[in-house]
Structures are given as structure tokens and as C-alpha cells.
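According to Swiss-Prot, the protein has these features:
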REGION    1-76  region 'Disordered'
TRANSIT   1-35  transit peptide
COMPBIAS  1-17  compositional bias 'Low complexity'
COMPBIAS  24-33  compositional bias 'Polar residues'
COMPBIAS  45-56  compositional bias 'Pro residues'
COMPBIAS  61-76  compositional bias 'Polar residues'
REPEAT    163-197  repeat 'PPR 1'
REPEAT    198-232  repeat 'PPR 2'
REPEAT    233-267  repeat 'PPR 3'
REPEAT    268-302  repeat 'PPR 4'
REPEAT    303-337  repeat 'PPR 5'
REPEAT    338-372  repeat 'PPR 6'
REPEAT    373-403  repeat 'PPR 7'
REPEAT    411-445  repeat 'PPR 8'
REPEAT    446-480  repeat 'PPR 9'
REPEAT    546-580  repeat 'PPR 10'
DOMAIN    592-677  domain 'Smr'
């Protein structure tokens, strides 16, 4: 038997029947090929005209170019894939047609004829309702007038089952552009067309009124809902609750919230955030906190908006400890803070003068490259000026000047805070340097800057510079206000007698009535006239300056050893209710409350109180309680570089008074009735206090 060959020539392997050409094969792994692929679920792939194998003249085995430009994928019509392929092909063409229609609509003129021509060209056949919705939604960036004209064309030419759907699409466009008058006009057209509005219509119109700031209109449209047989949903409730709150009708907002709860609506973060905001706006911060705790108790998880709203509310309430708790909870719940979160934290901590916390938030924002505008910077600088954070303020001020954004550069308030900071620490050179820098930056000194500068000069005893700064006020055409006059009065209280006339002249030129009272105070022969003039001054002054005026006048009396006039001022202040609840009495303790008083006012009050105690012992009408206490508060005093507690401790030692600082009650000095009685009896009434 002849042996079979181990291999055959390639030509012997080719089949003898016509085979599918290479051009009809399908290669999905090469989608970038320039060859076009035709998909057919009906036609068989075209047969090549030349089924013979490639000739020797084409050694690479490729087909002629006329046959290699087209690829065909034949899909069996009975295959499950056939319907999907057909839908995909049809959907692609429809999307392209609708996108082209939307583009044409956006490019045409805002006239009825232009819109009609564009849509007729795009839709030779009547479009469906869905086509109309897609085109109107896609063309949402177009002009509102064009959208309304397109709506009218679709209503007249499309196969529309529910006209209200198309109206709602255009109403949402008007809401986005905040066009209230156009919204009302389209509503009227809708009713004339006999179209019944639905819940989505009312929700859109109400939220449009809210977005336009027309909160009374939002409430008005909410009241129309029952007339058309519509019931509000959660979004509508939320929008109207917010509208009631902004309209100042917090009671109606809360009634609506209670109604939503009574009707078993599932509370969501949107409604809760809105109610919290209503409570915060009306000043009911406990109510805001209750809603926040209630939503968590029923399983509604607070989102970022709710947390930010609560942080803002508690910051307004001056409850920084609650702010810290909420922020800690927010971090524990893995809710990612936003820039608004950190702004709320800064607001809360700077207002409450939580220096360390505020600076920590500031540095975090700086590290995260968050935008810090001049308003936030100024809040930080104001806090630093009040609590004496010199190094921190200088760091912030350097950051402001180094900032690249124009919205972060120092303004007049920034310079004012820096001058106030240096003035409070009696750093004259730095205060003057900031003032010069302010002028070079193109800002004129305002009354706050000059007030701080005068206070600084007064602290270091530079009376001539006080007068020079007062002249700057007049040169700039600035009218002195009550705060400025109070500053001059404070400077006068610490000015030596030989230079007092210079400051009194400035006071008289700023406020004639105040200057007259100070002149009578200095004149030792005018006791009765001073009493009447001082009473009239305190009675006619604004409420916020009554106590500062009284404090400074009593300081001046004490420094000039005019105790009779100081007592007259205290009596007038108590009768006018300026000093309220200075003394409190219980069965176990009599207390003197001096917190907020200047040193001179506190010493005068102590003088009067101890004389009253001595009188009680002499008459025997009323025995002393087991405990006597003096509350001075703790920390720095507004009217002195030293705290009132430190001043009083030294003064009580000079008097050899038996009051001692309480170890468990900061700012309190206590004694027993036995020790007080022995000390009072050892002193004559006129010797009780030497001031």
C-alpha cells in the first residue's frame, strides 16, 4: 500500500465550492476599522461577483477595494437579538432627529413663524407626545418665549394624550429662569385651553414663586389646590412651609408641618430642614433643636443640608457647645462637610469668641484651599481684636494681603479691626503703622478707627495725640457718635487733672449735653445742679450707651475723689433701671453683683452696700443672713486692663475686709455673717471704704 503523504499542498486544502468572502466576516474586536458594517435581519449577505480564489497578480490575498469598503452582519430574523438590533437602529435615528429639532428650535428667531418652520421641517409627520417632551426638555436652555411658542405648536400638531404634561415641562423651564409673570400668563392660557392642572403643576408654580422671592404668592397658590382637586405632596409642603417662614408667618408654617405629620406623611430631610430654618428665623432655637432630635428618633437620617441648617441655627443662638456636638455627630455619621459647613462653624465660633476652635476651622479651610472671602476674614479679625489674639490676627492679616483673589483682600473693616487690636494692647507703634498702611491702600480712616486710636493714646497718657486724632475726625467730616463720645469720656476718666481740660473740650465739641455734665462734675461746688443734669443726660441717652456713660462718669468721680457725686449717679442709674438687680437677697445669702461695672462704679456700689449693711446692724430691723457674697465675674474687664476680680481682691485686702475668694465659685468673694458683723462694728460708717 502506498503510504499517505504527511502533508498536502495548500491548494489541496481549499474547498471546491464557493465560500464566504473575507469581506462578509464580522470582527467585533476591531470597532475602529474604517470599513462600514451593514446590519440586516432580512437580507442575506451579498455574494461576491468573483468567487474564484485570488490570482497570482494579488499575492496578498486581499479583495479589490470596491468590495472591501463594506461589511455586513446578517442576523437571523428569528433570533432573539433581532428585535433588540432593530430597536437600537430605530432609536438611534430618532434621537438624532429629536436632537436636531431641539438645536433648530434653539437657533431660530423668537417668532411664531420661525418656530413653526423649524418644527415642521424637523417633523414631517406628527410627532408623538414623548417626542414633544424630549424636544422641550432638550431645548430648556433656549429663550422662554421660544419654548412657549414651541409648546403651542406641539399642542396643535403632536399626538398629545395629556396636555398638562407639556405645560408642566414649560412651567419648569420658566421656574428655572425665575420668570413669574410669564408663569402666570402660561397658567391663564392653560385654563383657557381647558387643561386641568395636576399636583406637578401646582408644585412647579409654588416653587417658582418661592424662587422668585414671592412668598405670599406661593401661599396663595397653595390655597388654590383644593379648588382644582389637588393634594400637596412632600415637596409642596416643604416649599410652602418655607414660604410661610419667609413671609413672617411662622405659626402658619408650623401648623402646616403639624398637618403633614397628622396626615401620616413620611418626614424627609427636606421638610425637616425647612422647619428647622423656620424655627431659627423666628428665634425659636429650642424648637429647631427639638425637630432635629425628633427626625432622628423616627429614623430620618439628617443629610448635609440638615446639618448645615442646624449648625447655622445654633450659631445664631450663641450655643457653640451644641455646634461642636452636632459637628462631631456629622463626622461620626460620615457626612462629608462642605464649604458651607465650615462657614457655619466659623460664624458660630467667632460670634461666641471661641478662639481656638475658630482658628482650627480657619486653618483647616486654608489647608483645603477653600475660598475664604473678606467677610469671613473680618469675622475672624473682629474676634481676635476682642479676645486679644495678636499673633493669630497678624497671621490672618498676612494671609489676606497674600491672597490672589480680589474678594479676599483687606478692606476698611479689616484695617479697623487691626487698629482696634493694637489699641486694646496699647501698642501705639503698631496701631499707627496699620493706620498709615490703611491710608496708603486708599481707605480713609472711619470713626471706628479713630475711636480705637484715641482709646490707645488715652491708655498711654498721650493727651495731645488724643486732641490731634479728634482734629482728624473733624477734617474728615465725620460726625461723632455715642460710642465715640463714650470713648472720650473713658479717656477723661484716666487723664491727669492738669490735662483734663483738653479732653473735656473735645467732649463738649462732640456732645454739648455730655460736656456740660462733665464740667459740673469737675466743679466741686455744683452738687445739686450736677445731680439734675446727670439724671437728664442718662434719661435722654440711647439705651445702649446709658451704662457706659454712667460707668465712665463714676470712674471720673472716684478719680477726682467726688464720692458724693458718684453716689448720686448710682442712685439715678438705679431709679432709671440702668443697673438692675445689683443686690439680691435670700434667706441664706445676700449678694452684690458687680459684673459689667467699671472699677469706679463697682467701688461706689460696694461703698453704698456696706453702708446699708452697717445701717441694718445699727437699727436692728433685719439681721444678716448666714452668708454674704460679692460677685465680680472673671476675666478681663471692659474698662480696665486688669480683671475686676483682681482689682477687688487687692482693694478688699486694703480694707482688711473678711471677704475671700471662693475656691469653688470663680469670681465670687464670700464671708460669714459673724465675720462681717465683727468687721462692720469695728469700723465707723464713714470709714468702711476708702476710694
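Each residue, glycine too, has its Cβ placed from N, Cα and C.
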Within the same chain, where does the repeat 'PPR 8' (411-445) have neighbours whose Cβ lies under 8 angstroms from its own Cβ atoms, ignoring anything closer than 6 residues to its ends? I mean 6 or more beyond.
374, 377-378, 381-382, 384-385, 388-390, 393, 397, 400, 452-453, 455-457, 459-460, 462, 472, 476, 641
With helix taken as DSSP H, G or I, strand as E or B and everything else coil, how many residues of the domain 'Smr' (592-677) land in each class?
38 helix, 14 strand, 34 coil
Secondary structure content of the repeat 'PPR 6' (338-372), with strand meaning DSSP E or B:
26 helix, 0 strand, 9 coil
Positions whose Cβ lies under 8 angstroms from the repeat 'PPR 10' (546-580), at least six residues beyond its ends:
486, 489-490, 492-494, 497, 514, 517-518, 521-522, 524, 527, 530-531, 534-535, 537-539, 596-601, 603-605, 607-608, 639, 691
Short question: which residues 6 or more past the ends of the repeat 'PPR 2' (198-232) have a Cβ under 8 Å from it?
164, 167-168, 171-172, 174-175, 178, 180, 183, 187, 190, 239-240, 242-244, 246-247, 249, 252
